[in-house]
Amino acid sequence: MTIIDRILCRPCIFCAIADGSTPTTLIYKDDEIAAFNDINPAAETHILIVPIDHVKSVKTMTTDHIPLLEKMHQKGIDLLKERGHDPEQSRLGFHVPPFNTVDHLHLHVVGGVMKSNFRKLKYETGRMWYMDLTQLQTTLDKKRRLQEGARL
Ligand code: 5GP
Ligand code: ZN
């Protein structure tokens, strides 16, 4: 949820989609995660995978979230394969604040032909604005080690 949403008492759109209270069709849902098509796809396939519980962004995560992140990632790979895409050639990742637009954690699962060169850059892992699972795990491990060091 953004600060504007909070001021205007607007509920989080991805919480609403994940709990099924909007017309958005869910591609997948269990008790921890949900998947749905992006409203403005960057490529032939563009799915968003979200935790059901509101987690703000990669910045508010800890190493305790790694099993949830791995589950989201695995579901992304399964959905790409179901749609005939090679996961190795696809772009799974998270926009890092302030380069995101929705403050409910979401994994972009982008496969197939990209719609523009700008979109290619926007969803290119290894950039400061787009992290893949491995980069995020490394960042969370580093954060935990720093916090443990600070407690010594
Ligand atoms: P971000 O910019 O935060 O990384 O990605 C947010 C994504 O959510 C964007 O790709 C945008 O198109 C998508 N999006 C925003 N609002 C909605 C919505 O109401 N429904 C769906 N299905 N996607 C949305
Ligand atoms: Zn939410």
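Backbone N, Cα and C define each Cβ position, glycine as well.
TrEMBL: automatically predicted annotations, no manual curation.
The domain 'HIT' annotation in TrEMBL covers 13-120.
Positions annotated as motif 'Histidine triad motif' by TrEMBL: 104-108. Residue counts for the motif 'Histidine triad motif' (104-108) under DSSP, split into helix (H, G, I), strand (E, B) and coil, are 0 helix, 2 strand, 3 coil.
For H106 (active site, tele-AMP-histidine intermediate), the same-chain residues 6+ apart in sequence whose C-beta sits under 8 angstroms from its C-beta are F14, L48, I49, V50, F94. Per TrEMBL, active site, tele-AMP-histidine intermediate is recorded for H106.
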Exercise. According to DSSP, how is the domain 'HIT' (13-120) divided among helix, strand and coil residues?
Worked result: 36 helix, 31 strand, 41 coil
